[in-house]
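Student: Under the heading region 'Disordered', TrEMBL lists 1-44. TrEMBL lists 18-27 with the feature compositional bias 'Polar residues'. Summarising the annotation, TrEMBL assigns compositional bias 'Low complexity' to 28-38. Taken from TrEMBL, the feature transmembrane segment covers 69-84, 104-126, 147-173, 179-198, 210-228, 255-274, 295-318, 355-381, 412-429, 449-466, 473-498, 504-526.
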Amino acid sequence: MKTAREADQEEEPPQVNGIIQTTQDQHSSISPPSSTVSGAPDDEPFSTYFEEKVPIPEDVTQMFSLRKLWAFTGPGFLMSIAYLDPGNIESDLQSGAKAGFKLLWVLLGATIIGLLLQRLAARLGVVTGMHLAKVCNRQYPTVPRIILWLMVELAIIGSNMQEVIGCAIAFNLLSVGRIPLWGGVLITIIDTFVFLFLDKYGLRKLEAFFGFLITIMAVSFGYEYVMVRPDQGELLKGMFLPHCEGCGPAQMEQAVGIVGAVIMPHNIYLHSALVKSRSIDRGNKKEVKEANKYYFIESTIALFISFLINVFVVAVFAEAFYEKTNIEVNAMCNASDSPHTDLFPLDNSRLQVDIYKGGVVLGCFFGPVALYIWAIGILAAGQSSTMTGTYSGQFVMEGFLNLRWSRFARVLLTRSIAIFPTLLVAVFQDVQHLTGMNDFLNVLQSMQLPFALIPILTFTSLTSIMNDFANGLVWKIGGGVVILVVCAINMHFVVVYVTSLSSVALYVLAGFLCIAYLCFVGYLVWHCLIALGVSCLDVSCLASRMLTGHNDIYLLKDMDSDTMVERLEEEHVGGVVINSDTVRS
């Protein structure tokens, strides 16, 4: 029986002192860590979640091959599901109800930014053969690594809570209230465990199942779109002309919420892992370059489809419910004999909708069929994103903690971490009053964005990790600006939410947490700036260059001689401790 280390060595190109040998057709790259967790049996084989490697057809005569694109198709669509989770759907319907078509350009811009960030994640996984969590495990010291893991886990928990509750709401709507929220959560737990083991029947079958769920969403929300018949002129104007005439604080806050809902931190970690499911010779520069090209094309197609589905939802609520008042909706629900009339008070305030109320108002205005089809779409969105969220949790826990547990144990632990708080909320919270909690979860995920975006820009900019595929000057500057803008937008969203709490005690608590948060973000930014070439920020950069000639030695764990290990052992190089446990030569 082969050990995990032997299995890794068989998959990797020839190495000397931990560095892949460079020839005319090969490029150097860091190799996956081969150590196991203390206490794990050395002779126990370790397999990750996608044991099957999809073969790539060879076709050297064509610059572009549909057969090859089909072989690479899968990871991008799994990644795109995060752009269609119940949190995104709720953001879409609220955008349409509050601002009409005026914020579609924000949705388009956020999706394009998301595509560029996903490109970085895919390139990291393809070039290094490791996902982002594992690279963080190798390159950051112990304390920052643990903090980073906790922050990403918080983002995953927040996302999973929205997704599971979205499924529970769908079950509640489909059963006409007979299945309570907590009952829907329990059903979601069970079927998620069943679906998560579908890949035992083949990776391509699992990807086909996710494609089927995306198709259900497209058909469901597309049906609503066709039935409502939105104004196409206003739709195109809102999508391609950046403007928001007559918008107030509510609309501006919604615009910020769109960016926060679309760009999710755990999705960066997920995509960097999913791309490892294809059989690619990382020692062959041509194959790596080709894989990067096809993954980018596939991701573009996948996110275009997810964008269209999001547009369907925005357009439906913009056309049918923009500037509607509660009393108007109440009258329509009364006329249609809806049992949910009491959700809408008899006043002239603007209609406030969420996933649950959205289905109800569709039923009131367009009949019960519209409500049930809406619920089916929400169920597909919640179920698919719950499954990919669980995969994210498994990859993150495996990478940061270097776990060597059985597959079932990993699934059980990662699901339990996310499900337990969700079940508590479902038991003690009424289905009609979840909007406040959803706002809090959006803020929670917005705060975690720097802990995915900064590391991915850092590591994809290091030649010691990416070699010939490291970010160029344009990507370094553009990536830095994009990440700065996205983080600033989301921090504004956080500030708006905190100031609305109206509690001195909460202000003080938020102040202390903010100081600790900014200190850690500053630490990550410091390392990122050094990786981008601002080497003067490295307090030991002069000594590093004198020893090795590398500007990015502070994050270079694979040294090319035993002498280098001895000279740098237990020293702080640019803020990272390099010792015999972390340096493999």
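Every residue, even glycine, has its Cβ placed from backbone N, Cα and C.
Note that the coordinates shown come from a computational prediction; the quantities given were computed from them, not determined experimentally.
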Student: Can you name the far-off residues of the same chain, 6+ from the ends of the transmembrane segment (69-84), with a Cβ under 8 Å from a Cβ of it?
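Tutor: Residues 54-57, 111, 114, 118, 122, 159, 203-204, 207, 210-211, 213-214, 217, 262, 264, 266-267, 270-271, 274-275, 277-278, 291, 294-295, 297-303, 305-307, 309-310, 381, 384-385, 388-389, 391.
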Student: Using a Cβ cut-off of under 8 Å, list the residues of the same chain at least 6 residues beyond the transmembrane segment (355-381) that approach it.
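Tutor: Here the qualifying positions are 81, 84-86, 88-90, 93, 163, 166-167, 169-174, 213-214, 216-217, 220-221, 223-224, 227-228, 316-317, 320-321, 329, 332-333, 336, 338, 340, 343, 431-432, 434.
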Student: Considering only Cβ pairs under 8 Å, which range in 104-126, 147-173, 255-274, 295-318, 412-429 makes the most contacts with the transmembrane segment (210-228)?
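Tutor: Maximum Cβ contact count belongs to 295-318.
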Student: Which range wins on Cβ pairs under 8 Å with the transmembrane segment (179-198): 104-126, 295-318, 412-429, 449-466, 504-526?
Tutor: 412-429
Student: Could you tell me whether the transmembrane segment (295-318) and the transmembrane segment (449-466) are in contact, taking contact to mean 3+ Cβ pairs under 8 Å with a sequence separation of 6 or more?
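Tutor: No, since the transmembrane segment (449-466) and the transmembrane segment (295-318) share fewer than 3 Cβ pairs closer than 8 Å, they do not count as touching.
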Student: Output the single range from 104-126, 255-274, 295-318, 412-429, 504-526 maximising the number of Cβ pairs under 8 Å to the transmembrane segment (147-173).
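Tutor: If we count Cβ pairs closer than 8 Å to the transmembrane segment (147-173), 412-429 scores highest.
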Student: Which of 104-126, 295-318, 412-429, 504-526 shares the most C-beta pairs under 8 angstroms with the transmembrane segment (255-274)?
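Tutor: Answer is 104-126, with the largest number of Cβ pairs below 8 Å.
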Student: By Cβ distance under 8 Å, which residues at least 6 away from the ends of the transmembrane segment (412-429) in the same chain are close to it?
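Tutor: Sequence-distant neighbours of the transmembrane segment (412-429): 153, 156-157, 160-161, 164-165, 168, 180-182, 184-186, 189, 192-193, 389-390, 393-394, 397, 405, 437.
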Student: Go through the chain and flag residues at least 6 beyond the ends of the transmembrane segment (295-318) whose CB is under 8 A from any CB in it; none is fine as an answer.
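Tutor: For the transmembrane segment (295-318), the sequence-distant neighbours (Cβ-Cβ under 8 Å, at least 6 residues beyond its ends) are 69, 72-77, 79-81, 83-84, 88-89, 92-97, 99-101, 103-104, 107-108, 111, 114-115, 118-119, 122, 126, 214, 217-218, 221-222, 224-225, 228, 230, 234-235, 238-239, 271, 275, 353, 358, 362.
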